[in-house]
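Worksheet for the structure shown next.
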Ligand SMILES: Nc1nc2c(ncn2[C@@H]2O[C@H](COP(=O)(O)OP(=O)(O)OP(=O)(O)O)[C@@H](O)[C@H]2O)c(=O)[nH]1
Ligand SMILES: [Zn+2]
């Protein structure tokens, strides 16, 4: 019996990587009856068959489980957005960060294309997220600036990259590990669909204990939370919320709201608050439509 990590799932087969050697494995027949699922990212025990195949005999307990994309044991979301081209969409960025926090996975923010904005703009934008306690980097991938810092951030973790089209995700992946961009492209071509629409997930190994997955559609992830719980996922609101006049304050229409006071005084960034209100209202609408 040996241990490996599932890096790919293809119509009933699972590619299991063990010290860099990948075997095509089948899951034990009894899994279906027992309701055991195997996901990309799972650490599994397997019985080798020859040098290229094997049978998965058990799935080790998961640290986390993302639903979309379906992937196990992710413990870091690299939220990649460009400063410009495309224009920075703060609502989309905040949604992606919040989706990661709701899923129980730590997000870090990587702003790309720092070469296209002035230093002051870059620092001001980074500060919004550093003030939330989120690790944030500004990089210029084409110039090679900051790529090592990203590598350090990812080291020893199972990472997914999330961000909009054109943010520079593929360029970054390629800078982290030359050839990776190509591999990601190949995967999409094989299943004959564009990279944007595919739900195919694959894990790439960057070094012995560092993994990277592409997460198409992560930011469109439905926020899996009740509207009244949303505020818990805004770390920048936690302290000022203690001064709200009402204990159950949602920080929207209430009088004597400590969060709104901090927005007015500039200590909570306005864009963060605007994103919160927008997300809160979207969740409220969904809830009203359910009944
Ligand atoms: N100036 C500048 N351009 C960059 C940088 N990083 C990426 N680009 C460019 O931005 C464009 C989009 O980059 P991609 O890496 O394809 O973006 P992506 O996020 O993978 O986009 P999708 O594949 O559509 O999801 C390309 O033309 C890149 O050359 C950067 O740091 N600076
Ligand atoms: Zn309040």
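A Cβ is built for glycine as well, from the same backbone N, Cα and C atoms used for every other residue.
From a predicted model like this one, the values you see are computed outputs, not experimental measurements.
Per TrEMBL, the features are as follows:
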type: BINDING; residues: 112, 113, 114, 115, 163, 164, 165, 166, 167, 168, 169, 170, 171; note: GTP binding site
type: BINDING; residues: 244, 249, 251, 257; note: Zn(2+) binding site
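The distance from the Cα of residue 251 (Zn(2+) binding site) to the Cα of residue 163 (GTP binding site) comes to 28 Å. Under the DSSP three-state reduction, residue 171 (GTP binding site) is assigned to helix. Summary for the binding-site residues 167, 257: the Cβ-based neighbour count within 10 Å is maximal at 167. Under 6 Å, Cβ to nearest atom of ligand 2: this is the test, and of the binding-site residues 163, 165, 244, 249, 251, 257 it is passed by 244, 249, 251, 257.
Proximity to ligand 1 (Cβ under 6 Å from any of its atoms) holds for these binding-site residues out of 165, 249, 257: 165.
Spatially, by CA atoms, the binding-site residues 112, 163, 167 include one closest to residue 257 (Zn(2+) binding site), and that is 163. For residue 165 (GTP binding site), other Cβ atoms within 10 Å of its Cβ number 9. Each of the binding-site residues 114, 244, 249 was scored by the number of other CB atoms within 10 Å of its CB, and the largest score is that of 114. Most Cβ neighbours within 10 Å among the binding-site residues 112, 171: this distinction goes to 112. Taking only the Cα positions, the spacing between residue 114 (GTP binding site) and residue 244 (Zn(2+) binding site) is 38 angstrom. Here the C-alpha separation of residue 112 (GTP binding site) and residue 249 (Zn(2+) binding site) works out to 36 Å.
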